[in-house]
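TrEMBL annotations:
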type	residues	note
ACT_SITE	181	active site, proton acceptor
BINDING	43, 44, 82, 112	3-methyl-2-oxobutanoate binding site
BINDING	43, 82, 114	Mg(2+) binding site
Ligand code: KIV
Ligand code: NA
């Protein structure tokens, strides 16, 4: 099983870390069988699985429910679970209580928290208490209404300096790795060079120490539009819709089921009237 030291070793030997999100038993099993280094139970489940238009409505109960299912499919793969919106902001006591419950009930290896600033104390206290933390900077979707939309972050000098400083603070607070979302590749490269812990990029270019993609995006499964940074490796929505359409038409046309899908019995055993 990975830990902070082995992750840092991977970074030092330029062994790219792979992460993919999963939200249930079958997606976790596929991620595990593909030998991905880490599975993220992302709060993106609010959008790709639950049909909300942001991650804001996702609750601690949602993360526990999906985290448990992922754990059952993930085998021995390292699982990271997102702490959802506002579950680590109201009070330190509340944060520790929520994190403990999420970590224990999902049996995860780490929790992921968005942001720096006020969140640094939470990163310190969780790590200190024995809960490994993955940080998340750049575009932090739980703050979409503060950031003013899903936009690339750190594009000018001032914003870039701030992001670099925050990345260092997240590392100093004890995080084991840092997700960088929607950051110019030049800045992601600089941050990756300056940190000891690995960076895991999404829309942050090839110089990060690892990459993460959303399961439904990489399979084009139930998502209409894909962001620029996604490469769809399959068009599963189209293939699935085609299969279901064929089933519907075969039933209508009497082509399904056929003999091989059917049970039989000795008709003499049928009740007689
Ligand atoms: O929720 C999520 O899927 C994430 C990744 C995009 C990093 O946080
Ligand atoms: Na997330």
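Glycine residues also receive a Cβ, built from the backbone N, Cα and C atoms like all the rest.
Looking only at Cα atoms, residue 181 (active site, proton acceptor) sits nearest to 114 among the binding-site residues 43, 44, 112, 114. Comparing CA positions across the binding-site residues 43, 44, 82, the one lying closest to residue 114 (Mg(2+) binding site) turns out to be 82. Same-chain neighbours of the Mg(2+) site beyond 43, 82, 114, judged by a C-beta within 8 angstroms of the site's C-beta center, are, in sequence order, 42, 44, 55, 58, 83, 84, 85, 112, 113, 136, 141, 142. Between the recorded positions 43, 181, the minimum number of other C-beta atoms within 10 Å of a residue's C-beta occurs at 181. Taking every protein chain shown into account, 82, 114 are the binding-site residues, and of these the Cβ with the most other Cβ atoms within 10 Å belongs to 82.
Counting every protein chain shown, the number of other Cβ atoms lying within 10 Å of the Cβ of residue 44 (3-methyl-2-oxobutanoate binding site) is 21. Only 43, 82 of the recorded positions listed as 43, 82, 114, 181 bring a Cβ under 6 Å of any atom of ligand 2; the order follows the sequence. For ligand 1, the nearby binding-site residues are 43, 44; that is, of 43, 44, 114, these have a C-beta under 6 Å from one of its atoms.
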